Amino acid sequence: MKKLICLFAVFLMLCGRAFALDANDLLPPEKAFVPELAVADDGVNVRFRIADGYYMYQAKIVGKTDPADLLGQPSFSKGEEKEDEFFGRQTVYHHEAQVAFPYAKAVGEPYKLVLTYQGCAEAGVCYPPVDTEFDIFGNGTYHPQTDEPASAKDRFLQPSSQNGSGALPPPKGDEGGDSRFKLSWDTLNANLLAFFLAGLGLSFTACMYPLLPIVSSIVVGDKKAGKARAFVLSVVYVQGLALTYTLVGIVAGLTGALLTVWLQQAWVVLAASALMVVLALSMFGLFNIQLPNAVQSYFQNQSSRLSGGKIVSVFIMGILSALIVGPCVAPPLAFALGYIGQTGDAVLGGLALYTLALGTGVPLIAIGTFGGHILPKAGDWMNAVKYAFGFILLAVAVYLATPHLPYYLVVALYTLLMLVPAFMLLVNGRRQKRRPKAVAFALGGILLIGGAWFGWQGANGKTTALHHFLTLNPPAEAGKSSEHGKMFADTAALKAAMDTALKEHPDKPVVLDFYADWCISCKEMAAYTLNQPEVHQAVDMERFFQIDVTANTPEHQALLKEYGLFGPPGVFVVRSDGSRSEPLLGFVKADKFIEWYEQNR
């Protein structure tokens, strides 16, 4: 951790105390997080009273109404930055959180408000998302519909998870989405480098070649310019180009909170995935995305009227050039904007797109400074760059849709995304000259071997680190064995498997572990405890059962209630006579886990 490491260390120490934590020490969610409403003419203000030792996630606070769309964009009170190893930087609240939901339109009739929120206990237990419903009346009063949180089946908003089971992990600067690719201040250098390299890649597509005459005119406009002057003018031109991209990035960052809420819905995620496929097809040349000819001509005429050699004129040329070339690079730019939008940070968004523009502008600066003779000649290699971006966009489409697709279909799609370009490189490489042919054969061979290996491993149920990374989770069949035992999402299948194990060996207990994707301590247990060799030596992992309650279905809620839990993690030793141990709550290290198990087996 780079910042807040002391706070995070305190958090881990509190989690470590969970070995002595009793389930009775935890408050039910309706007492840990208590919403109070103030209904005004212009909106609804919500104040959450948060019990000591608990905290809430800002990005998990959502308001929905019936009739729909009565509320505008919410504003939040200032929260605290919490750094999490698994989910990145989070904004959380202790003690109190205030949210203002303005009305988006006139409200004259009573309506129903559903507040969705989620939080955790500092001791290491996370609660499932809670829905609380209120009837709002026109005279400024309100009434809770029930004393209990709304059930999952009554939700207006059904968050989607990264394993397809239904609930989104805690916000990533936010789950959403996904912690594998997160733009945050802690990963700023790596992310800016990635955006710079992406911009550099875009500069080698045919999209940027219309800008070369403009760059040449910049230098020609100052006939006495040496290389130093030409360099300065080229840099100023690229800064104008970058300004347009930066403003777009800022807008994407400002709308990030809205994108986060929308991206929790399956249909939005799948629509975004379909859009990536369409954009990829444009990179393969099936159709072109461009401004109407009349609009393009207007911007080109305005640019040509500006005289070269003058700083202000050159800067404005750069701005207009971004508008000319922008639609041509729309497919990869659309992905970049969606990626930035998850941050909700205007500064980060602006920095990311500014860096992308700088990468795009490097060859333009080189051309303006040293002349066009250093530019590679146009040819098939430019199409190869476009095709590469097309396959990247297809991979992004699969990545977005992964939580909603069967495991083996995801494996098959990724396999095709490696094998198809491999065959294209191997077939087309034969027509190239010696050096391009060698490069094409090398890349094609790597992709061919990698694709065949990835597909074979996935088809045989052998999940490697790459499979976990790309597919988010191993096959979701009930009872699939892993290094963490047997994972179930269906409670009936879990109970049947546990009953069978206890009947076969009544003298041996089984272990039941409650898990969820949005549970930080569950991730810690998986990463630092359950995968340790000493745990596998002490515990028979064939008798270790995990129930994935990420979806928080009514069946999951009933099972949690049956075992006296408000949320995961919770580990029990269950015996053949029907008795079970007190739960192990929160994160503990391997030695403490083994000690607890030996005491309760």
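One is the number of the first residue shown, and numbering goes on along the chain from there.
A Cβ is built for glycine as well, from the same backbone N, Cα and C atoms used for every other residue.
What you are looking at is a predicted structure, and each value in this text was computed from that prediction instead of being measured.
According to Swiss-Prot, the signal peptide annotation covers 1-20, on the basis of sequence analysis. The topological domain 'Periplasmic' annotation in Swiss-Prot covers 21-191, 332-346, 402-406, 459-601. According to Swiss-Prot, the disulfide bond annotation covers C120-C126, C207-C328, C519-C522, on the basis of similarity to another entry. According to Swiss-Prot, the region 'Disordered' annotation covers 148-176. The transmembrane segment annotation in Swiss-Prot covers 192-212, 243-263, 267-287, 311-331, 347-367, 381-401, 407-427, 438-458, and the record cites sequence analysis as its basis. Here Swiss-Prot flags 213-242, 288-310, 368-380, 428-437 as topological domain 'Cytoplasmic'. Per Swiss-Prot, domain 'Thioredoxin' is recorded for 467-601.
Other Cβ atoms within 10 Å of the Cβ of C126 (disulfide bond) number 23 in total over all chains.
Among the disulfide-bonded residues C120, C519, C522, the residue whose Cβ has the fewest other Cβ atoms within 10 Å is C120. On the 0 to 100 pLDDT scale, the topological domain 'Periplasmic' (21-191) averages 71 in this prediction. Note: the CA-CA distance between C120 (disulfide bond) and C519 (disulfide bond) rounds to 8 Å. Under the DSSP three-state reduction, C120 (disulfide bond) is assigned to strand. When the alpha carbons of C126 (disulfide bond) and C519 (disulfide bond) are compared, the span between them is 5 angstrom. Taken through DSSP, the domain 'Thioredoxin' (467-601) splits into 57 helix, 26 strand, 52 coil. Each residue of the topological domain 'Cytoplasmic' (428-437) gets a DSSP state, and the totals for helix, strand and coil are 6 helix, 0 strand, 4 coil.
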